[in-house]
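So that you can see what the record holds, here are the features copied from Swiss-Prot:
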type	residues	note
BINDING	18-25, 86-90, 140-143	GTP binding site
DOMAIN	9-269	domain 'tr-type G'
Amino acid sequence: MQDVATEAAKRRTFAIISHPDAGKTTLTEKLLYYGGAIQMAGSVKGRKSKAHATSDWMAMEQERGISVTSSVMQFPYRERILNLLDTPGHGDFSEDTYRTLTAVDSALMVIDIAKGVEERTVQLMDVCRMRDTPITTFINKLDRDGRDPVEVLDEVESVLRIRCAPVTWPLGMGRGFRGVYHLHLDQVRLFMDREIIQGLDNPRLDELFPGEVDEWREQIELVREASDSFDPEAYLAGQLTPVYFGSAVNDFGIRELLDDFVEHAPAPRSRDAGREVRADEENFTGFVFKIQANMDPQHRDRIAFLRVCSGRFEPGMKLYQVRTGKNMKIPRATTFMASDRSHAETAAPGDIIGIHNHGTIIIGDAFTEGESLHFTGIPDFAPELFRRVVLRDPMRMKALQKGLEQLCEEGATQLFRPLLGSDWIVGAVGTLQFDVAAYRLQKEYGVECTFEGVQVYTARWVSAEDEKALQRFRDRNESALAWDGTGALAYLAPTRANLELTQERWPDIRFLATRDR
C-alpha cells in the first residue's frame, strides 16, 4: 500500500464550470470516455433516446437536459486519478455550485465560441477568484461559426480578469474548420481525418490547404507575439489560464486538453481549518460539502459527500464528528461514477466519498481522528425567493415534513419554520428550485403540494454578543422569526424598508445575509 503523500500526488480534483449550453455535460462525457469510465459517450442532445448524459442522472435532469445537482465521477488517466465534480448548469443552483467549488483544487472553464463570456461564467469565476482556484479554459463549438478567437480571448481577459495563454489555436471555424495548431508542440492536428502534421512550415499543409495555410501562419505569428506564454506559477496562483480550442460533440481537441491538464493541474492543496491542514498528513481529515437525498429511489438513502483533505479513509474507521463531539463508526463509504456507486476500499486526499446519512450529518461537518478542526469557507446564503408550502392531502403531513427536511438538507433550498403558526416556508435562489422540490416531493415521497407566495422580502440570520439582548429582540419580534433547517434563528423581513428599520432599532443584533456552516 502506497503512502499518503504518494497517493495524494496522483490526485487531480476539479470541477467543470460554464454557462448553460456551452457544452459542459458533453465535455464531461468525453473526459470519462478517455478515462475508460464509460464505453459510449452519449450525446445529451439525444434526450429522447436512452443515451442520457452519464452525469445527468436524476430523472428531472434527463427530461429537461440541464444539470441541477452536482455529480461526482472518478476515473483514471495516465497514472493519475481524476475526481471530476460536475456542477449544476442552471443559475438557480448557485449555492450547490459554490459549495462544490470549495471541494476542488482547480476548475475547467467551458466557453462557447459564438457567445463568449456569459453571465453565469462571470459569477462562477468570481467564486473561483475568491479562492485563487487555477483555471484551464476550453473554447468549444469550433465546428460552428462563431466570433473571432482573438476577440473572445480579449473578452476573457477584460471581463474575467485573468490572463490567457493559448496552447492550441483554431484553423478556421464552422464549415471551414480544419483543425488546431499546438503552439508548444509545433503540430497541426486535422479535424476531419485526425492526421497530425509536424511543423507549421510542413509542405504537406501547402498541398492540403493551398488557399488557407499562409493566412494561418500569419495569424499564429501574431498570436505568439501578442499573447502570454504559459507560466505554471501564474496558473497555480489563479492569474493565468491555458486556453484550448475544439469541439466536444465531435470529440476534437479534448485529448490535448486532458494530457496537459493532468501534468499541470495541482494535486490536493493545503486547507485552512483553524490551522493549515496539509494533504500529506497521516491523520484523516475531511469535510462535507453536499448532501443528496434519494440517489437510489428504491432505498430512500441520503448520502453526505465528503472531501478527503488528509490521511486515508478505510472502511470501518471511527471518525470524530467535530460539531457534535461524537465518534461515528463508518462501516463503509461509497465512490461515484455518476449514479453508479461502488464501495470504497480506501480513499486518499482529494477523493470524494459518500457516507450514508440518517439525518445526523449536515453540510460543513468536519470529520477527523480526534482533532477539533473547522474547515472555513462553506457558506449558506440568504435565499432571494420565498414560498409557503400548501399540502393537497393533510394526511400526508408527516411525509411532507420528512421530504422537506431531507431535500433542504441538500442545500439547494432552505426550510424555515416560523415561531408562530404551523406554516412551512421554503426559500430558494431561483424559481426552478421550487419546481424541482415539488417534482421530487411527488416522485420520491408521494406528496403532492404547491408553493404559493408569502409576504417575505428576505431572511437574515440573527445573533448577538449579549444573550439578553437577543432574548429581548426575540420577545418583541416573535411573529417575524423562524427556525431554519439547522436550528439557527432567522428574521423574515416582509419588506426592504422593514429590514432597514429593524436593523436601526436593534443595533446590538447582527443581521447576517451569509453565514459559515
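All residue numbers here begin at 1 and follow the chain in the order shown.
From the backbone N, Cα and C atoms, a Cβ is placed for every residue, glycine too.
Of all the binding-site residues given, namely D21, K24, T87, L142, the one with the smallest number of surrounding CB atoms inside 10 A is D21. In the three-state DSSP assignment, the secondary structure recorded for T87 (GTP binding site) is coil. For S18 (GTP binding site), the number of other Cβ atoms no farther than 10 Å from its own Cβ, over all displayed protein chains, is 23. Mean pLDDT for the domain 'tr-type G' (9-269) in the predicted structure: 86. The secondary structure of K24 (GTP binding site), as reduced to three states from DSSP, is helical.
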